[in-house]
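Feature annotations, reproduced from TrEMBL:
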REPEAT    202-235  repeat 'TPR'
REPEAT    236-269  repeat 'TPR'
REPEAT    270-303  repeat 'TPR'
REPEAT    304-337  repeat 'TPR'
REPEAT    338-371  repeat 'TPR'
REPEAT    372-405  repeat 'TPR'
REPEAT    406-439  repeat 'TPR'
Amino acid sequence: MDWTTPLKAQQTDFIQRLKSAKLLRCDEKGQHSELTVISGQRLDQLRDFCWDMVKKYKPTDPKNYFINNMKGKLGEEVVKSRLADFVTEVDYEKRVGGDGKVDFTLTSDSSIGIQVKARNGNFDKIQWSISREEIEKNAVLVCILIQEEVSEAQAEYNLILAGFLPTNMIKFATSKALVGIDELLYSGGLRSYLESLTSSEADEYMRLGYECLKKEDYQDAFGYYTQVLQLKPNNEDAYFNRGIVRSALGDKQGAIDDYTQAINIDPNYVNAYLNRGLAHYYLGDNQGAIDDYTQAINIDPNYFKAYLNRGVIRDDLGDKQGAIEDYTQAINIDPNYVNAYFNRGIARYHLGDKQGAIDDYTEAINIDPNYVNAYFNRGVARFDLGDKQGEIEDYTQAIKIDPNFALAYFNRGNAHSELGDKQAAIKDFQTAANIYKKEGKETDYQDTIEKIRNMTK
């Protein structure tokens, strides 16, 4: 079904109610109302403005000029009342000779114009006129029906929001087009339609931002997400993605600010808590990080990444047992979570549970046979348990995966030396020294060369 179909049906109903004067009225600013009443001080201000315009431009027919301006201002007052801060009125004082054929723009996007036309007379006979230039400069025509004759003496005006029409739906054969009330769409859909205009643009900026993010083009991604937020200030995903960008650019505090905005909009945005926790961690705020990971777990008890990250911080703070509990919970949720096995292996090793560490490293290797650090760490644990041959096998496997793993050569050299294989040890130490020199690690290079000298004395 075309999006205009329900609005056309509502417009038909509205016209029937208009015949019997049964209109919806709401005086609260920013809320939909079919009828707006203007009187008193508010009306006096409009009159004063219109007379000021007469004095400023000195037209040949002051009365007619005043009436035409008054009609326009009455119509604009309706739009201001109904759309409130969603739109921004054109500043007449800054435009010589009038409003430049645009009465309002969207506050979030000044390129989207709104033209307001106000007429008085019988609703079933009048037509609203719009020029070709106005059609080209505006996205929407809003039509207002003034029920009273406009004059300087009128004490009250009853203004009806007759409907709206996207300018791309207006057909014209000459320099202007005429639109009747039965051609309009029901005014209750005006705000939603205007929001859809910014939504499509915001969606495009989101797409472009994501493409830049994938390419690690963080500066452009930042710009696109910022444009989304100018159009959609409550888009939590734009804040979240911009937080990722800021973090990648090194602005951890800025990232925290964006993640916080995303959370303010959606208090259950679990990934925002996870990422904000990570940013807190990078800034040294361990408790802030733990709080965020805990909140993420409260929202989603199966969020295994939050358990892993909280475990890392507990590990750093010396709470090895607490870390093991978090890693274990992550594994219970996802039995193939390789990093959880690896990290739990480290925590177990530091608590003196060498065999438990070996078991975890072995499980990590079973899941990912190319997990080079798991082979290396298992080799270290096997060394502590006196399994020299198993240690050598693990370092050898690590070297196959990463031929430039200098410390694996160095440790394997030590294992060969302890097993009495001097030549194999010297060969490994020399390879380690060559890699250290290539990597610019002068201290490690000199220490390894000294070890070779001591073995060849």
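Note that Cβ sites are derived from N, Cα and C of the backbone, with glycine treated the same way.
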Distal contacts, the repeat 'TPR' (202-235) - CB-CB under 8 A, six or more residues away: 108-109, 241-242, 244-246, 248-249, 265
For the repeat 'TPR' (406-439), the number of residues DSSP places in helix, strand and coil: 30 helix, 0 strand, 4 coil
Secondary structure content of the repeat 'TPR' (372-405), with strand meaning DSSP E or B: 27 helix, 0 strand, 7 coil
